[in-house]
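Report on the following structure.
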Amino acid sequence: MEVYLIRHAQTKSNLKGIDFDDRKATNLNKKGIAQAKKLAHKFVKVKIDKIFISESRRSYQTALPLIKLKSVPVVRDARLNEADFGIFSGLTFEMAKRKYPEIYSTRLVDKWNYRIPKGESFKDVSKRLDSFLKNLKKEPSSIRTVLIITHGTVLKVFLVKFLKFSLKKADSVYFKNTSSSSFKFKNRKMKAETINGSLYPIRDTLKNKGISQR
């Protein structure tokens, strides 16, 4: 099975640099809508058997131009939702650091396990993805190519799971809006082919501090 991992198109929150974005409510901005249309044309000639998206508006809006061009089953799956950032939601890193200095500092010590109050940890997201991948592997053999539209934190956890990256290394990877990364199931394992459209190993994907990745 070929798996394409896509980060949603640009939102107003991305452009404003909101690092801990709302899980569902954010819409694409004008540039994001154009990016979604461009993404659709990129994949229009690819035989896609199924599209999986998170429950967020931005994921659905990213998929919509492709849905209009191709008759493909679309599945909304809560397990692909962005991490729940709890009390950090709607804040930049600097805002969270100023408003909740002790919580912010504690999280940095062990980001994988630390659960933001009223939110999730990276480990929580990983557990969701374990369940999703277990189901994905059970798809019938007729499902040969799938496209997954999700979020920055989820994509980083995919790197930890698929490529055995440390969280620190995965966290340094910048997933551009509508960037595509491709993997193949081979011998019951996932093998990376491209990351952000570049051949793996990763090149030119280090974090761009100008735009949020959520």
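Glycine is no exception: its Cβ is also placed from the backbone N, Cα and C atoms.
According to TrEMBL, the substrate binding site annotation covers R7, H8, A9, Q10, T11, K12, S13, N14, R58. Taken residue by residue with DSSP, S13 (substrate binding site) is part of a helix.
Close to H8 (active site, tele-phosphohistidine intermediate) in the fold, though at least 6 residues off in sequence, lie L28, G32, S54, S56, R58, S59, Q61, T62, I149, T150, H151, N177, T178, each with a CB less than 8 Å from its CB. Residues annotated as active site, tele-phosphohistidine intermediate in TrEMBL: H8.
What TrEMBL lists as active site, proton donor/acceptor is E82. The Cβ neighbour count for E82 (active site, proton donor/acceptor), using a 10 Å radius and every protein chain shown, is 27.
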Problem - Cα separation, R7 (substrate binding site) to E82 (active site, proton donor/acceptor) (Å, whole number) - result: 11
Completion exercise
Comparing local Cβ density (other Cβ atoms within 10 Å) for the binding-site residues T11, S13 points to T11
Practice task
Taking the residues R7, H8, A9, Q10, T11, K12, S13, N14, R58, which the record names as binding substrate, find the longest CA to CA distance and state it in Å to the nearest whole number.
Solution key: 15
Handout entry: Number of Cβ atoms other than its own within 10 Å, given for R58 (substrate binding site)
Key = 32
